[in-house]
Amino acid sequence: MHELGLVCQVVKTVDEVMAENNLTELDEIVLQVGEMSDVVPKFLEEAWQATAPTTEYPDAKMTVEVMPALAKCLDCGYEGHVKTFVPDCPICSSGNLKIVSGKQFDIKEIVAK
Ligand SMILES: [Zn+2]
């Protein structure tokens, strides 16, 4: 369960942003997780619930937005959603894809009170 480690990194970043902006009260952390990344949103939320009481922001919420797996086919030009495991082009079955979205793990927003 590496989600716990990810949450620790997120908290570190949040701490920095809060300090830089002289903020103390955190309302919500919004994360964007690609559906091709190996992060499980449910585990992430559970890890946050376990970690939150040990941080400066025990009442803050964590919201995880799942970003769809999007790719461009380099053979036929298809652009759109692809399977998350062993993606191939739904039009021409080519595996020659450029992944556009779906592997990210980003902090989208830090919402202070
Ligand atoms: Zn194709």
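One is the number of the first residue shown, and numbering goes on along the chain from there.
Yeah, the Cβs are placed from backbone N, Cα and C, and that goes for glycine too.
The annotation Ni(2+) binding site is assigned in TrEMBL to H2. According to its DSSP assignment, H2 (Ni(2+) binding site) is coil. Cβ neighbour count for H2 (Ni(2+) binding site): 11 (other Cβ atoms within 10 Å of its Cβ, all protein chains included).
When other Cβ atoms within 10 Å of the Cβ of C92 (Zn(2+) binding site) are tallied across all protein chains shown, the result is 12. The secondary structure of C92 (Zn(2+) binding site), as reduced to three states from DSSP, is coil rather than helix or strand. Under the heading Zn(2+) binding site, TrEMBL lists C73, C76, C89, C92.
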C73 (Zn(2+) binding site): tally of other CB atoms within 10 A of its CB: 22
Inter-residue C-alpha distance, C89 (Zn(2+) binding site) and H2 (Ni(2+) binding site) (nearest angstrom): 30
